[in-house]
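Structure, as C-alpha cells:
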Amino acid sequence: MGAIDYGLMIGMMMIAILLASLVSADPELLQDVCVADLTSGVKLNGFACKSNISADDFFFAGLAKPGLTNNTFGATVTPTSVQQINGLNTLGVSMARIDYAPGGLNPPHTHPRATEIVFVLEGELDVGFITTENKLFSKTIKKGEIFTFPRGLIHFQINNGKVPAAVIAGFNSQLPGTQRVANALFASSPTVEDVVLTKAFQVGTKAVEKIKSRLAPKK
C-alpha cells in the first residue's frame with residue numbers, strides 16, 4: 001500500500017475515532033437512518049427522509065484523489081457533507097479533504113454549526129484560530145499530526161512549504177457551513193455599504209472598491 005493511501009486510511013480511522021467521542025452539534029436522530037431527500041420541498045431543520053434507499057446513499061469516493069489547486073488561493077476543499085452523502089442526514093457528522101499547493105491558503109473562515117478537526121495526510125501547514133478575545137492560537141502541523149478549530153471561531157491554514165500538502169477534516173455536523181470572512185464582508189449580496197467597511201477597516205473608498213471587485217462572483 002502506498003504512503004498516501006496508508007496516510008488516508010490512518011487519517012480516516014483517527015477522525016472516526018475522535019468524532020465518536022464528540023457530542024453532535026445536530027439534533028438527535030429518532031430512527032435508525034433518515035437518508036436526505038434533497039429534492040423535497042418540505043422545509044425542516046435538516047432534510048426530509050426519502051423512502052427508497054440503498055448502500056450508495058452512504059458511500060462517496062470523492063476524497064480518494066487530490067483536488068485541483070490551480071485557483072486564486074492555491075487550495076481546494078472537497079466536502080463530504082449530507083449534500084454529497086445523503087445518508088449522513090441526522091447523523092451529525094461529515095468530512096472534507098483539503099489540498100494545498102505550495103503557498104496555498106485556506107483563507108480565514110468560520111463553520112457556524114461545527115467544530116473541525118484536521119489530520120495531516122502529507123506536507124506541513126501553518127494553522128490557527130482566533131478567539132472572541134482576539135487571541136491567536138497557531139501551530140505548525142506535519143504529516144500524522146492533528147489540530148482542532150473550535151466551533152464558530154475564525155481560522156485558517158496555509159502551506160508555507162515547497163511541496164503540496166493535504167488534510168482530512170472531520171466535523172460534528174452533517175452540514176457545518178462555511179463562511180469566508182473576506183467574502184462575507186466584501187462580496188455579499190446586496191453589498192455592505194462602503195461607509196461601513198471604510199470605517200471598520202480604516203481605509204479609503206478606493207481600497208474597498210478594489211477588494212470588492214476582486215472578490216465579486218464571476219458571472
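Cβ atoms here come from the backbone N, Cα and C positions, even for glycine.
In sequence order, THR148, PHE149, HIS155, ALA169, GLY170, PHE171, PRO176 constitute the residues six or more apart from GLU116 (oxalate binding site) in its chain with CB-CB distances below 8 Å. TrEMBL lists ASN106, HIS111, GLU116 with the feature oxalate binding site.
Annotation comment: TrEMBL describes HIS109, HIS111, GLU116, HIS155 as Mn(2+) binding site.
The number of other Cβ atoms within 10 Å of the Cβ belonging to CYS34 (disulfide bond), over all protein chains shown, comes to 21. Summarising the annotation, TrEMBL assigns disulfide bond to CYS34-CYS49.
With helix defined as DSSP H, G or I and strand as E or B, the domain 'Cupin type-1' (61-209) counts 22 helix, 58 strand, 69 coil. According to TrEMBL, the feature domain 'Cupin type-1' maps to 61-209.
Among the features that TrEMBL reports, signal peptide is placed at 1-25.
Note: the CA-CA distance between ASN106 (oxalate binding site) and CYS34 (disulfide bond) rounds to 32 Å. Counting every protein chain shown, 18 other Cβ atoms lie within 10 Å of the Cβ of CYS49 (disulfide bond). When pLDDT values are averaged over the domain 'Cupin type-1' (61-209), the model yields 96.
Excluding ASN106, HIS111, GLU116 themselves, the residues of that chain whose CB lies within 8 A of the CB mean position for the oxalate site are, in sequence, ALA96, HIS109, THR110, VAL118, PHE149, HIS155, ALA169, PHE171, PRO176, THR178.
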